[in-house]
Amino acid sequence: MGLVVSAAASCGRLRRSRSRSPPPAVLDPSQSPLSLEREAEPELIRVFRCFDTDGDGLISAAEMREFYGCSVDEAEEMVAAADRDGDGFVSIEELRAVMEGGGLDALRAAFDEYDEDGNGVITAEELRRALRRLNLDGMDLTAEQCAEIVAAVDSDGDGVISFDEFKAMMSKQA
């Protein structure tokens with residue numbers, strides 16, 4: 001479920017051309033029984049709506065697959081990791097638990113999705129392939145653009161993104 005972390009950063013760049021049903025009333029912050037602080041609530045709802053494309057108030061494996069462009073097995077695995085009540089879906093409460101409690105584990109899982117060869121760093125080419133898999137707004141960055149992103153995040157100048165640099169970048173996005 002670690003990919004949820006990257007969703008929070010990328011959600012605003014998703015294709016906006018999808019027709020969307022109005023969100024269920026439970027997602028209205030003024031009516032929500034959720035205990036999240038008011039300032040955090042809108043971000044949670046925004047991320048949840050990015051996943052919940054049919055507006056039924058639940059995230060299915062199919063919606064997870066559509067969002068990430070991953071395999072059926074990967075999508076089912078992500079849903080299962082967050083699905084605390086065992087109904088086969090991720091509710092907004094379950095997503096909140098992942099976003100609040102999954103912190104470091106979720107970041108590590110997101111980092112590992114980018115680090116294709118498992119060597120502990122993300123190269124510009126790994127970044128480029130990961131962004132293609134996510135297919136954000138049809139974005140297809142050049143190798144040079146990905147190298148610029150790596151350089152901007154690479155605080156120690158070794159030409160790659162370490163996990164610590166990834167954590168720092170994600171905390172700035174939050």
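The backbone N, Cα and C atoms fix where each Cβ goes, glycine too.
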One of E76, E77, E94 listed by Swiss-Prot as binding Ca(2+) 2 at the site of D83, D85, D87:
E94
May I ask you to find which of E100, E126 Swiss-Prot records for the Ca(2+) 3 site already listed with D115, D117, N119?
E126
Among E144, E165, which residue does Swiss-Prot annotate as binding Ca(2+) 4 at the site that also has D154, D156, D158?
E165
If you compare CA-to-CA distances from D87 (Ca(2+) 2 binding site) to each of the binding-site residues D56, D115, D117, D154, E165, which comes out shortest?
D56
Determine, for the Ca(2+) 1 site, the additional residues of the same chain whose CB lies within 8 Å of the mean position of the CB atoms of D52, D54, D56, E63; present them in sequence order.
F51, T53, G55, G57, L58, I59, S60
How many helix, strand and coil residues does the domain 'EF-hand 1' (39-74) contain under DSSP?
22 helix, 1 strand, 13 coil
Ten-angstrom check, please: count other Cβ atoms within 10 Å of the Cβ of E63 (Ca(2+) 1 binding site), all chains counted.
20
Report, in whole Å, the straight Cα-to-Cα distance of D117 (Ca(2+) 3 binding site) from D52 (Ca(2+) 1 binding site).
31
Candidates D56, D85, D117, E126, D158: member of the binding-site residues with the richest Cβ shell (10 Å):
E126
